[in-house]
Amino acid sequence: MNNPTPTPTETTPQSRFPVREVVLFGALLVAVLGVYMAMGTAYSTRMLVEAACYAILALGLTIQWGYAGQFNAGVMGFVAIGGFSAMFFSVPVNDAFWGTELPGELGRVLLYAVASIALVVGATRLDRLGVPKKLRTVIAVILGVVLYLVVISMLRAVTSEIQSRAGFVGGLGLPAWTGWIVGGALAGGIGYYIGRICLGLRSDYLAIATLGIAEIIKAFLKNSDWLTRGTATVSPLPWPTPGPSELGFTLARAVYLSVTAAMIAVIFFLLHRAYHAPWGRMIRAIRDNEVSAAAMGKDINKRRLEIFVLGCILMGVGGGALASFNSLFDPQGYLPLNHTFLVLVMVILGGPGNNLGTIFGAVAVYIIWLMSEPLALFLMNLAVMFGEGVFGWDPPGNLSSRALQARVLVIGLLITLVLRFAPQGLLPEKVKHHG
Amino acid sequence: MNELVFFINNVVIAGSVTGSIYAIGAIGVTLVFSIMRFAHFAHADMMTFGAFMVLLLTMAFPGAGAVVGLPTAVVMLPLAMALTALLAVGIDKAFYKPLRAHGVKPIVLVIGSLGVTLMLQGLIRLFAGTSAQSLYIAERKEIYRLELPFELATRPIIVTEPQIILFILTIASVVGLHIFLNRSRLGKAMRAMSDNPDLARASGINTNTIVAVTWVIAGGLAAIAGTLLSLDVTFKPDLSFFLLLPIFAAAIVGGVGHPYGAIAGGFVVGFAETLAVFNWSVMLRPIAHLFPEWIEIPRNLAFVGTEYKIVVPFFILVAILVWRPTGIFKGKVI
């Protein structure tokens, strides 16, 4: 991906025994078994489920970054959308809201909003009736500002009413997987608009725009107490599988793991088929040489948008699965660190464009991420013990919260090291050369 | 009249403060882009690092300010600028230069800078903890109240000491940068390299020196901006996430690769933010009796709540991307 001319190793014949894959996955198995020995089954199964959810996210990003070279720096936003949707669909119905006249009032405000949008759109078309263009722009802007202020103050009134009388809107009481699907669709829709604006420009813009949209989604979810309970968080979210109260922790988590594993298998199979189909070949052709692909009559912007939306959908679904598993919707818990950069490292370390490599990267990086905190704490305790004994140090009190920051450092170091020494990832995409 | 004073305090002064900080940050982003051709995401963390260095130095020498008559943090600023510049050059040597030597695409450098962001953030939090801290350790923040010579204005215009220092330093650094870019040999070489790197290299300009100088300037300016922001509010280790979007928006609004555009963009974004969260119903109060009965002015007429401040730079960014991808000053398209 990073250097367009293939190195000799990539052009070697395909029919070799996959030594690298076997060795790397073997090492991963050993690491997982090591965690099982050290931390116990319940903890380790939980880790595997989370790693599986992250693998879905990573597959979404590997489509965007590996197949098409689009750098999405806002994974967190799409994950949060999926999480919100999982919460909204699965949480039980709140009668304190639905039993009153509040839904009607909320609906009325939404109707006003739709009507205002229609009015403003109408005003932008005034030039067709013979209004001068400058006047049309002035009218549209003034109308937009005034109507926006009217609608937003009505919305503020209704939402504060909802908050004080009903707490929050509540959910729809449907099974969790409906939320996952809708979350994927919502994320895809947002991705569509971002892609429409940014995909034609240089890739840095896409990174900045996605970063921004992620922050905005988070700000909205965090501050819309009437919809999401904001910082008060919503829990518990129902699981799509039997919960720990029926099966016990380990078994329930194992069942959930099998659900996520099945999802990964389906996604993997579909992506594999797509990659080797003419569609995949076209995508790679666009990535490797945009100009000649355009000359062959491929609609580059449309394909890019397809890829981007597809990746966002997977992120939404993965985000839903992750939120349902945690059984807690906390808008503040969506950190760019965990959800964007961690996934990015997974993709880059595993090998962008290689689905197997991405899954490997997801599990491996998640283990590193989880384990770097206890390791750092251990090292810090060692240093403090040493310091107290030799120099008579006074250790700072919040050592464990600081050890948490070691994860950030490790992830950052990992990105830069991989970019420097293994820019193709540990399991590079095998570039086939036809003919 | 009191409404006007309220407007001056809450929009004119607050907008200039954030505008100056964004402008100084955006100049660094734009310079790095015009020389090395990538969006440097770790810039906001360099700002945080500079402020953190000031914090450490202030803690080490709390009495130094009293000797000169300035806040200790300001006295320590030049040292922190040097340290941040050193860090910037070091980061380039360690992380970006090898990637550039490999001839990677700019977007890979962007990812590399994300890695640097994470490392800096991890290091700063590891040493500074996660809570907010004031840069005024030994002294108190001076607050100046200017009474207006009008009958109707009973409230004073309020300016704080760090804000005055901020305005002076902003003007000084902008003038200094202007003189450097237009008069000195190095500055001219920098502009040449930004316009056409191949031609600049062919005419004997040492690109390594230019890159190093760019990092020194960007690092120094980042330290100023970070410190000034921390002086005005407080130092927080997670400052960078709140700065990243506005400074990139400012650089793009002004036209990427265009230092004067970055200054203009910084003020555009700063004022847009303050105007968007300003409660306009205060301004409508004196003329409220002119409205017909059936219009009831709500108490809160702000465009967005303060908690949605982050939305504003994003919308400016999108609007610019849609209408004028090269920015107001016709910079380069990235």
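The backbone N, Cα and C atoms fix where each Cβ goes, glycine too.
Per TrEMBL, these features apply:
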TRANSMEM  A:22-39  transmembrane segment
TRANSMEM  A:45-64  transmembrane segment
TRANSMEM  A:71-89  transmembrane segment
TRANSMEM  A:109-126  transmembrane segment
TRANSMEM  A:138-157  transmembrane segment
TRANSMEM  A:177-195  transmembrane segment
TRANSMEM  A:204-221  transmembrane segment
TRANSMEM  A:254-275  transmembrane segment
TRANSMEM  A:307-329  transmembrane segment
TRANSMEM  A:341-368  transmembrane segment
TRANSMEM  A:375-393  transmembrane segment
TRANSMEM  A:405-422  transmembrane segment
Near the transmembrane segment (A:45-64), which residues from the same chain, at least 6 beyond its ends, have a CB less than 8 A from one of its CBs?
32, 35, 39, 70-72, 75, 78-79, 250, 253-254, 256-257, 260-261, 263-264, 267-268, 271, 307-308, 310-315, 317-319, 321-322, 325, 339, 342-344, 346-347, 350, 352-355, 358-359, 361-363, 366-367, 370
Would you confirm whether the transmembrane segment (A:254-275) and the transmembrane segment (A:177-195) meet the contact rule of 3 or more C-beta pairs below 8 angstroms, pairs 6 or more apart in sequence?
no
Could you give the residue numbers and ranges of same-chain residues that sit at least 6 residues beyond the transmembrane segment (A:405-422) on either side and whose C-beta is under 8 angstroms from one of its C-beta atoms?
337, 341-342, 344-345, 348-349, 365, 368-369, 372-373, 375-376
I'd like to know if the transmembrane segment (A:71-89) touches the transmembrane segment (A:177-195) in this structure, counting it as a touch only when three or more C-beta pairs sit under 8 Å and are separated by 6 or more positions.
yes
